[in-house]
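Visitor: So Swiss-Prot lists these for the protein:
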BINDING   ARG37, GLU38, ASP42, ARG150, ILE151, GLY152, HIS153, THR154, GLU174  D-ribulose 5-phosphate binding site
BINDING   GLU38, HIS153  Mg(2+) 2 binding site
BINDING   GLU38  Mg(2+) 1 binding site
SITE      HIS136  site 'Essential for catalytic activity'
SITE      GLU174  site 'Essential for catalytic activity'
Amino acid sequence: MTQNLLDQFGTPKTRVKNAISALRYGHGIIVLDNEDRENEGDLIFSGETMTTEQMALTIRYGSGIVCLCITESKRKQLKLPMMVQNNTSKFGTNFTVTIEAAEGISTGVSAKDRLTTIRAAINDNAKPSDLNRPGHIFPLQAHKNGILGRIGHTEAAIEFVTLAGFKPAGIICELTNRNGTMSKVPDIIKFSKLKKMTIVTIRDLIQYISR
């Protein structure tokens, strides 16, 4: 059903190329996962290019849980412990402890403050002391084998931003409806047209990198 609804946005290869191009130009994209998984759509941005306005849009239309997708090496660089030692979440989502920039913010919750935290974390020379814990940004460690190791939005974000030429640091947040429910495909397609955002699936991405 999902693939049929997405045919209007081109072939899977076209959708992936459009998504990569959108990210290169500093835009966000919408990524759908599989129908037999979460069956939800996430807003995805590059941590390097995301603007305060884009963060505000993400907070307004998303769940409010803004996540920073990073590699294991970045997590170790920042000395961020995992949120739990025994991960029992359904899809094995690898949350670390939450973070906040140590400098340059007020309460940490505003769009501007959250972006300041992200920039501090993804800086190539970032040190553990640059971040306070806990905070309002939720880092996620991606699988070491990327999207082929785990079919999740975390890994998709890393794959997409690196394909676009950026460092492996992606921002994700689940889209929600006004009534508080999670957005499903028909709602997500309407949103993508309203905000003129490229829409693509994780299945599209896997086909693209496996070609």
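Quick reminder: no glycine exception, Cβ is built from N, Cα and C everywhere.
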Visitor: Out of ASP42, GLU174, which of the binding-site residues is least crowded by other Cβ atoms within 10 Å?
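Guide: Counting other Cβ atoms within 10 Å of each of the binding-site residues ASP42, GLU174, the minimum falls on GLU174.
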Visitor: Helix, strand or coil by DSSP: which one applies to ILE151 (D-ribulose 5-phosphate binding site)?
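Guide: Looking at the DSSP assignment, ILE151 (D-ribulose 5-phosphate binding site) belongs to neither helix nor strand, so coil.
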Visitor: If you count other CB atoms within 10 A of each CB, which of HIS136, HIS153 wins among these recorded positions?
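Guide: Going through HIS136, HIS153 one by one, the largest Cβ count within 10 Å is at HIS153.
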Visitor: Neighbour count, 10 Å Cβ-Cβ cut-off, for ILE151 (D-ribulose 5-phosphate binding site): what number do you get?
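Guide: Excluding its own Cβ, ILE151 (D-ribulose 5-phosphate binding site) sees 17 Cβ atoms within 10 Å.
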Visitor: Would you kindly give the Cα-Cα distance separating ILE151 (D-ribulose 5-phosphate binding site) and HIS136 (site 'Essential for catalytic activity'), rounded to the nearest Å?
Guide: 25
